[in-house]
Amino acid sequence: MSAPCCAGQLACCCGTAACSLCCKCCPKIKQSTSTRFMYALYFILVTIICCVMMSTTVANEMKMHIPFYKELCKGIQAGEMCEKLVGYSAVYKVCFGMACFFFLFFLFTLKINSSKSCRAYIHNGFWLFKLILLAAMCSGAFFIPDQDTFLNAWRYVGATGGFLFIAIQLILLVEFAHKWNKNWTAGANHKQMWNGLLALVTLILYSVAVAALVLMALFYTRSEGCMYNKVLIGVNGGLCLFVSLVAISPCVQNRQPHSGLLQSGIISCYVMYLTFSALSSKPPETILDENNQNITICVPEFSQGLHRDENLVTGLGTTILFGCILYSCLTSTTRASSEALKGIYATPETEVARCCFCCMPDGDADAEEHIEKRGGQTVIYDEKKGTVYSYAYFHFVFFLASLYVMMTVTHWFHYESAQIEKFFTGTWSIFWIKMVSCWVCVCLYLWTLIAPLCCPTREFSV
């Protein structure tokens, strides 16, 4: 490691400099992106610790391979066999510390519009001190008095925050659908190619949704039984058809010319995904066969074979799930997303059609204003003229994500029997959370269609 790179990393950890890699061949990185990835790294670190705390396999391996394990547990006052450091109560405490960390920074960064303020410098630097603060807050939660009262109260706070996190993602999904259609429709005014792309993508989306509906009807139902599955597949399929018809109805088209089948196709695919996910999360139904043996019904036969290798399924599934949560956090904290939640959208006159419109970076105009080379990765300081995203909103989303992770890892309201090895074992609470999320998504999209009809005197922009 070169001397300039070492100095740069020291300035990143203990000063206001942006963090970067020591490899010169790495592509340029913006200061705003570097900051968000560092907070995401802290989030991933605590999430991994929570998963380890919920793993009986890891706990047993530690007992077997760590010398003087019992004495070590007593020395740190974690119980005879470190029982205070495992299980749902430990996850609640660690996530309490992480949530407090992000909530503290949410309050600290309110109303920051300039990256040159003292608070902005703290937000963008001093990573070693912030890591120490995060560790202290997570550790301090284990010393809260009256643990039973704390855990019971914190569970309801976690559930509220988790539901709010889901609601924000659903709102942004609906906003994404409308933004996609508006962007490509703007392009269709100048080039017919965009009309063809709109038709092609819409056809693909509906093909996927119909195929998913048919496959779920084949694999998750049977002639006898499976009444829950039959009703829910039918209801959700009917809702997708209903919102599609509403989207192209003349009364909606008159008030919203940009409304079309592309948005309803996106919503239909997401509804089918949530339906599949909910059916996969439902506790298995069993019946007696002709030999008086219990057999599982209403699930695909191949899925029973997959669940035999629980470690593989849990490891892969958990990685994908938390990758999606992290992606949701990072994409939900852009300036455009925070403005969308306030009802502020780009006007059609300023829309420029792009294939990758959703990946349009913030602050391009200022991106090349100042470039710093320290012997490693090149850092672009893109916030010289102002912040390119809302610092406070960024921390608030991660605060809610901390609560969502806490509830997800501990199986929501089935916390006492929760284990990471049984992460994908069906529970009724997870099943209904996913089904309700599905219906809320449909209702949000439906409201964006009928709101201008219900309130004709108000101006709506989607």
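Backbone N, Cα and C define each Cβ position, glycine as well.
Here is what TrEMBL records for this protein:
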TRANSMEM  37-59  transmembrane segment
TRANSMEM  90-110  transmembrane segment
TRANSMEM  122-144  transmembrane segment
TRANSMEM  156-176  transmembrane segment
TRANSMEM  197-221  transmembrane segment
TRANSMEM  227-248  transmembrane segment
TRANSMEM  260-279  transmembrane segment
TRANSMEM  312-330  transmembrane segment
TRANSMEM  391-413  transmembrane segment
TRANSMEM  433-455  transmembrane segment
Stretch with greatest number of CB pairs under 8 Å, the transmembrane segment (260-279) reference, 37-59, 90-110, 122-144, 227-248 candidates: 227-248
Leading stretch by Cβ pairs under 8 Å, where the reference is the transmembrane segment (433-455) and the options are 37-59, 90-110, 122-144, 156-176, 197-221: 156-176
Recorded stretches the transmembrane segment (37-59) and the transmembrane segment (122-144) touching, at least 3 CB pairs under 8 Å: yes
